[in-house]
Amino acid sequence: MAKGRVIQVMGPVVDVKFEDGHLPAIYNALKIKHKARNEKEVDIDLTLEVALHLGDDTVRTIAMSTTDGLVRGMEVIDTGAPISVPVGEVTLGRVFNVLGEPIDLGEEIPADARRDAIHRPAPKFEQLSTQVEILETGIKVVDLLAPYIKGGKIGLFGGAGVGKTVLIQELINNIAQEHGGISVFAGVGERTREGNDLYHEMKDSGVINKTAMVFGQMNEPPGARMRVALTGLTMAEYFRDEQGQDVLFFIDNIFRFTQAGSEVSALLGRMPSAVGYQPTLATEMGQLQERITSTAVGSVTSIQAIYVPADDYTDPAPATTFAHLDATTNLERKLSEMGIYPAVDPLASTSRALSPEIVGEEHYQVARKVQQTLQRYKELQDIIAILGMDELSEEDKLVVHRARRIQFFLSQNFHVAEQFTGQPGSYVPVKETVRGFKEILEGKYDHLPEDAFRLVGRIEEVIEKARKMGVEV
């Protein structure tokens, strides 16, 4: 193993000098271990990743944790390989950092556990699956209007407190319960408190045993935040490639991945591009996104929470992400204020899969008719606010009448929210969802009260609820 010495420390960037002919490759992991000799020194166990070659004998590296206590002259060891993290069953139910070290105070990962490098090429063309297959989530509004594709990439937009986390938990729960699938959650540059809450909520709702979690939070150096998404993806790829699973991969938040890359780029002395972002923005995003795909054996479907800086959708970071997305799920605060959960905006959410060739003619027609009805209702709201319902034509009154029932029927109770609502969660198969909305559009349930449609699963539950309300069904 080649040994070198620290010659310069600039915050999270460390320059290391090696002997001639022993220069480590780009992306290699280097280790610095140092025992404190007195009270003034600190114990150091630091991993660096090679980013640049400077001349014949020096490398510039990015630190994966704090560089406190590092001094020039300290010994550095080249591991001869990129950062490698544990994969397989040992990762389920556990929480890791960017290096694949457990941070949940649980037992150590066995030394003989398989480890994979976090840097690897995307699957080859001949390995990719060309079939477009829908991933059934059991969540009506998603399955009907913006369906997810196996191996696809979904953008999850929403401000604070509109239900992103609950939606993520329900997806993890439904994939585990209905499909027996595995989920991997990568917390990239978000609040430590949120990660802690998510871990405990998952423990309480019982989905943690089907989930591996990786965190590189806001307080960590940019190197860790930039690589933690790759750590999570490597764990997800193992379940896809070796076990043939359909894996759900969550990234919260993909913007922080770009932000960390921008910080690293500036520290490495690269010339910034538009809005101060790194010149390699599209390449870095592509290297991550191209690995998220369906192969002949399994799939990795990713759901990426996207923070939009200053609500500017033309900002290079979100704009680069959009180019890779197959579907978007937009959460709307107005809907959550109305008590409609999940607060998914049925008109703003989109999916490439909503076409007759993929979902079938009936599903497509019902979905489009639902959107048309809701759009017309939205247009009529101003008139209703100023003149009242009485001024509408009979036809428009019927549209409003049905649109309100559709709006409420797009809500449902979640399994993971049972402890708060006291109501059992519901998983609705796509066929049942399409049938329910088709019958509402046909006017079959015009006589039932609006409240009967709120927070229920299948259409049969609406009839049952109306019966309990004393309505003649």
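In case you wondered, yes, glycine gets a Cβ from its N, Cα and C as well.
Mapped onto three states, the DSSP output places Gly163 (ATP binding site) in coil. The number of other CB atoms found within 10 A of the CB of Gly163 (ATP binding site), across every protein chain shown, is 21. Taken from Swiss-Prot, the feature ATP binding site applies to Gly158, Gly159, Ala160, Gly161, Val162, Gly163, Lys164, Thr165.
Each of the binding-site residues Gly159, Ala160, Val162, Lys164, Thr165 was scored by the other Cβ atoms within 10 Å of its Cβ; the lowest score goes to Ala160. Take the binding-site residues Gly158, Gly161: by the count of other Cβ atoms within 10 Å of each Cβ, the lowest one is Gly161. Taking the centre of the Cβ atoms of Gly158, Gly159, Ala160, Gly161, Val162, Gly163, Lys164, Thr165 as the ATP site, the nearby residues of that chain (Cβ within 8 Å, site residues left out) are Leu331, Ser336. The DSSP secondary structure for Gly158 (ATP binding site) is coil.
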